[in-house]
Amino acid sequence: MRFFSLFIHRPVATWLLTLTIVLAGFLGFRLLPVAPLPQVDFPVIVVTASLPGASPEIMASSVATPLERALGRIAGVSEMTSSSSLGSTHVILLFDFDRDINGAARDVQGAINAAQSLLPSGMPNRPSYRKVNPSDAPIMIMTLTSDTYSPGQLYDYASTKLAQRLAQIDGVGDVTVGGSSLPAVRVDLNPQALFNQGVSLDAVRSTIANANVRKPQGAIEDSQLRWWIKTNDELHTAAEYRPLVIHYRNGAAVRLQDVATVTDSVQDVRNAGMSNARPAVLLVIRKSPQANIIDTVDRIRGEVPELRNTLPASIGLDIAQDSSRTIRASLHEVEQSLAISVGLVVLVVFAFLRSGRATLIPAVAVPVSLIGTFAAMYLCGFSLNNLSLMALTVATGFVVDDAIVVLENISRHVEAGMKPLLAALKGVREVGFTVISMSISLVAVFLPLLLMDGIIGRFFKEFAITLSVSIAISLVISLTLTPMMCARLLRPNAPRQQPRLRGFGRILMAIQRGYGRGLHWVLDHARWGLLVFVATLGLTVYLYISIPKTFMPEQDTGRLMGFIQADQSISFQAMRGKLETFMRIVRDDPAVESVVGFTGGSDTNSGSMFIALKPLSARSDNAQQVISRLREKLTKEPGANLWLMAVQDIRIGARQSNAGYQYSLLSDSLDDLRQWEPKIRRAFSALPELVDVNSDQQDKGAEMALTYDRTSMARLGIDVADVNDLLNNAFGQRQISTIYQPLNQYKVVMGVDPRYSQDISALNQMYLINKEGRSIPLSAFAKWQPANAPLSVEHEGLSAASTISFNLPEGVSLSQASAAIERSVTSLGVPASVRGSFSGTAAVFEQTQSSQLWLILAAIATVYIVLGILYESYVHPLTILSTLPSAGVGALLALELFNAPFSLIALIGILLLIGIVKKNAIMMVDFALQAQRQEGMTAREAIFQASLLRFRPIIMTTLAALLGALPLALGSGDGAELRQPLGITIVGGLVMSQLLTLFTTPVVYLYMDKLRRRPRWLPVEEKS
């Protein structure tokens, strides 16, 4: 330890070293990004393809399957799911954590190109892909409203001008425009008029397509000039299409306006969007993988004034919801907790040392250690988030420990009359090894975390490194700056203390004397002490097995997501009414600030809602209580359900579902899947551990099944392709031509007038023109009858799939729900052809259950190895580790007392306790070993003296760690539900370990000392 004496003799160099650490930390702090949690984004790519008018089964077989076969060959794909609905297919690719998203995107594009020849020729566009996770909650929602512009015009502004600009902002991954569709010229045909005029639907389609053509015409030039040829070959508005001549009948022209209603409308009239009670077009913005939410939101807000300037004055552009508000509030709460922790820790030092000069030393050491950590965080690419700031908050109790141990030992020599400089040199030499042992063994706790991969490794890495760096800086400061300041600030003859402080000192001395008497009794009855140790070990195991467990604490981010699912045969008009009803119910709740929603498109019986709650200070209930209150009202609406879930800062997987957790069913037999899925879903619905049970299997949609008489068709001169074209032209909202404009392209959409498509009798009015020019009614060769058909077809890994989603009621943990599901599935006797498993967050939770125990054991083993190396002993590390069971009992009992399930955050607390409570034993064992080796004391005399000498620093360090974590445990502001399990675990573990280990550790030391003297296979040094 002579090296550290240089810093005591060279104060200028020491201060400059400290200043360098502080300046680097301030610079790093200013450059650090802000985020809710460490970056744990999964690489996800969504491939989208469309074929207007195609049924879900056709989309699944002709579009999804060829794409899946090509995409499934890409390396690093961990999960591939697809969903095919009316005219639309989405294939979601979830990649391994270490897969580069840009490289994966190149492979995806190559697979799409390879599958192109296998896709239907009638697709209006090639399949496209987006690098965005569709299950992520949006970071911002904007609304466009107007009293003068139609929804189609608003949608045009949103998709043409706003979405393009927003998508260019760094960090924006996807901008979805909802609530309407692009403007289009709609041709609504009258089947009866067509029959009377002898005109086929395909003739109308062909006429329109040929009348709107955009092709180059070339140029004419002479010796002087060149003239470009321009014709009126394009039609842009409904007024230009109406006079088109379709046919001549008896010498008279039959125009389009004679057989159809031609209007300037939208591509898909079955779309609706609402913002609170007002029709609106929505811009739903999601971030790209690895993007920072706060930075992205700030960039978007910076663009809003310019975006508003591009719009007409009568169009309002508003930010309806912003996810950064609660994130900023939560981080502000953590920063407050950090400041309070620092203040409490300094007060502990002042209360024990009763000297302002002495208190100033750790008051400098703690901020320097914390501030210096920011530099390392920046160099590692970390962010200021809840976990990293929680690490710094907890670190206040750790970083002060080293300073306290050094300061207390030097103060003891100064109080004994030694000069401060000599006391500093002797004090740091005596406890230098102890401080190094405590710090290295504490950092060793996190080594297994740093070596882990997957979600836990990625999630814990930032916390572990932040805490480890702060401890490392604290170690350097405690052995350099702290003894140097002690040598210059402490005084041998301090003035008399105030009576109140002398009173505190007398109380502490009385407690220490009482502890000495109690320790005498315990050492005289060592077997009872050993029995207590064994009992705490058994109780720890029992509590760990029995305590409810979950993945992460349920957060209140101030945002809810709602998913509407109505009867599968519901009309769009009725579905829009359900949306308005549900939005009104939600909007009337006193905790709700705003609500936006939309329905329509390919999802004919579903809709989505995004709800912003009032700030936590303005409402009395948390998000789960609001959901429970609304659930009672929402269940009264017949024919539809609205499922709500609280938005979480971390959600695992890429599945879009109507609830927070998923259970997937796979089968190679679609019939088996459709037979067993309803049975399993009903069984889950009966479980009290689950609520909002629903499924994505929708196979009860209304279908009109047509059966062709092929013999009659051959006799009448009609083939199947002609009939399919007829039906597609009539009912498929077929896009038959493209209108080119400077900023966008629009479609001409053809179909029968809605009056003729709202009743099955419309099929009786369908006619074909055969090869002989005769009108043949559809009924002459086809029969039809109602049937059921799927509204969507789901695949996972080329197997038929169905996902059952569920939420948890208040007071039920994920482990309890998982166990109930497993029991239910077992009791049903589901055949082997139907395979069930958890997916998303629930799947990762199942995987982490076994790894948690191994992680704790690995941390203990690592600490044992490090301590064994430091002490050159097999036995003494066991003495130090004997403090852990009591801490485990305290932590788990505290979680039970506060009704908090064991989560990943609580696991962090357990790992921290492994590092904290062993410090007490290290201080005892280190001094006891010195006394035995240097003064020839017996083991009992040595451990008794060490316990009394180290009583004050043990109490100080424990109180410092406890009070450092107390603001986390007692916090009640934004994000408190994420911080509380960590604080509760640490406080509970410290209280219990402090009460027990002061007595059990000396007992274990005596038994271990006897043990190390017996075996002959131990090293010679151990037996001496």
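Any Cβ shown, glycine's included, is placed from N, Cα and C.
As written in Swiss-Prot, here are the features:
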TRANSMEM  15-35  transmembrane segment
TRANSMEM  333-353  transmembrane segment
TRANSMEM  360-380  transmembrane segment
TRANSMEM  387-407  transmembrane segment
TRANSMEM  431-451  transmembrane segment
TRANSMEM  463-483  transmembrane segment
TRANSMEM  528-548  transmembrane segment
TRANSMEM  853-873  transmembrane segment
TRANSMEM  897-917  transmembrane segment
TRANSMEM  953-973  transmembrane segment
TRANSMEM  984-1004  transmembrane segment
_With CB pairs under 8 Å as the measure, which of the listed stretches 15-35, 463-483, 528-548, 897-917, 953-973 comes out on top against the transmembrane segment (360-380)?_
15-35
*Taking the transmembrane segment (528-548) as reference, which of 15-35, 333-353, 387-407, 431-451, 897-917 has the most Cβ pairs under 8 angstroms?*
897-917
*asked:* I need to check the long-range neighbours of the transmembrane segment (431-451): which residues 6 or more away from its ends have a CB within less than 8 Å of a CB in the stretch?
replied: 1, 4, 398, 401-402, 405-406, 409, 457, 460-461, 464-465, 467-468, 471-472, 474-475, 478-479, 855, 858-859, 862-863, 865-867, 870-871, 880, 911-912, 914-916, 918-919, 922-923, 926-927
*Stretch with greatest number of CB pairs under 8 Å, the transmembrane segment (333-353) reference, 387-407, 463-483, 853-873, 897-917, 953-973 candidates*: 953-973
*What residues in the same chain, six or more past the boundaries of the transmembrane segment (953-973), come closer than 8 Å to it by Cβ-Cβ distance?*
329-330, 333, 336-337, 340-341, 344-345, 347-349, 352, 390, 393-398, 400-401, 404-405, 408-409, 508, 616, 916, 919-920, 923-924, 979-980, 982-984, 986-987, 990-991, 993-994, 998
*So which of 15-35, 387-407, 853-873, 897-917 is most in touch with the transmembrane segment (463-483), counting Cβ pairs under 8 Å?*
387-407
*asked:* Suppose I define contact as three or more CB-CB distances under 8 A, residues 6 or more apart in sequence; do the transmembrane segment (853-873) and the transmembrane segment (897-917) meet it?
replied: yes
*Other parts of the chain folded back onto the transmembrane segment (15-35), taken as Cβ under 8 Å at six or more residues beyond its ends*: 7, 292-295, 327-328, 331, 368, 370-379, 382-385, 473, 477, 480-481
